[in-house]
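What follows is a single structure, written as structure tokens, with notes after it.
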Amino acid sequence: MIPLIPMFLKQSLFFSLALTGMTTLVLTVSLGVPVMKWLKRKNYRDYIHKEYCEKLEMLHKDKAEVPTGGGVLLFISLIASLLVWLPWGKFSTWFFIILLTCYAGLGWYDDRIKIKRKQGHGLKAKHKFMVQIAIAAFTLIALPYIYGSTEPLWTLKIPFMEGMLSLPFWLGKVFCLGLALVAIIGTSNAVNLTDGLDGLAAGTMSFAALGFIFVALRSSTIPIAQDVAYVLAALVGACIGFLWYNGFPAQLFMGDTGSLLLGGLLGSCAVMLRAECILVVIGGVFVAEAGSVILQVLSCRLRKKRLFLCSPLHHHYEYQGLPETKIVMRFWIFSFVCAGLGIAAVLWR
């Protein structure tokens, strides 16, 4: 173990969590300008391609020159912060590093294909899905080593229920594994869908990650809970720092590099805390965004007409004529409420 932080700074958990978030925030803001210049030199521009919602082509035409791939900024800041605040001698620290690298690598490759083709389509959905399954499977395989046993893997934290629900029988184990896969892959894709307006994904993720810090602090039965809290604190700082450049009007987009990274990390943290059911509450914005896309597809196939003017949900409101800033602010408020409900669900007695 290589201690990079004096022990007196770690005497108070809340203080050290706050410093972790501040470290990532400062790193993100400090590195933002050089990263943007580098992306511009590489010609990483966002190509607006909304073939099913023609009106959005016009609404987003001014965004065409904004550099994308800004998720690399989130990746660098998160990695640096975790290496500072987490002990190098623990398996879990390097697990988080590998996990971040996998999601950032997948998103970066997807962004590169989009830029090369100069359109809104990157990797084929089935290919991206297969890689996401592989990363999620890696997470589940690593969990027993992180926990030190398999027992926590067969438990679940249920909203508004004290303690943990144990499912040690074989059907319960299958359910736990399936739910974990859905949580990780679903959250990664849901945040990817949410990233469609300036500051939307970063802002809503800040509240969601903050909510899960409280979940981690209440998860005394989970061996890895404290390390997860540090990761989530770093995530909050990274998202707030990214808003410095991504807030309206955006100077930088996170691209799939950022959205797949943020979603995959949040989903993985929820699984590590055995809080997949709490994720549905705290991540209510992401559930609504992904749900709107699923319902839209089903409606088009079964009813031959759209349920929403355009999906995901934020584009529906944009299509109705609501200003982008108002939509983003209202989604932030909804995310704040969801985080509050999630915290209440954990504190309930």
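Using N, Cα and C of the backbone, Cβ positions are placed for all residues, glycine too.
If you look up Swiss-Prot, you'll see 13-33, 69-89, 91-111, 129-149, 165-185, 197-217, 228-248, 252-272, 278-298, 327-347 marked as transmembrane segment.
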When each of 13-33, 69-89, 197-217, 228-248, 252-272 is checked against the transmembrane segment (278-298) for Cβ pairs under 8 Å, which one has the most? 197-217
For the transmembrane segment (228-248), which partner among 91-111, 129-149, 197-217 gives the most CB pairs under 8 Å? 197-217
With the cut-off at Cβ under 8 Å and a gap of six or more residues from its ends, the chain residues touching the transmembrane segment (129-149) are 91-92, 95, 98-99, 102-103, 106, 177, 180-181, 184-185, 188-189, 222-224, 264, 268, 271-272
If we skip the immediate neighbours and take only residues 6+ beyond the ends of the transmembrane segment (91-111), which ones have a Cβ under 8 Å from one of its Cβ atoms? 44, 68-69, 71-72, 74-75, 78-79, 82-83, 122-123, 128, 131-132, 135, 138-139, 142, 145-146, 188, 224, 227, 231, 255-261, 264-265, 268
When only pairs 6 or more apart in sequence are counted, do the transmembrane segment (165-185) and the transmembrane segment (252-272) reach 3 or more Cβ pairs under 8 Å? yes
Contact between the transmembrane segment (252-272) and the transmembrane segment (327-347) (at least 3 Cβ pairs under 8 Å, separation 6+): no
I'm a bit unsure how to read this: which one of 13-33, 69-89, 197-217 has the highest number of Cβ pairs shorter than 8 Å with the transmembrane segment (327-347)? 197-217
Quick test of the contact rule: Cβ under 8 Å, at least six residues beyond the ends. What residues does that give for the transmembrane segment (69-89)? 1-5, 16, 19-20, 23-24, 27-28, 31-32, 35-36, 39, 42, 44, 96-97, 100-101, 104, 107-108, 111, 115, 227, 230-231, 234-235, 237-239, 241-242, 245-246, 252-262, 265
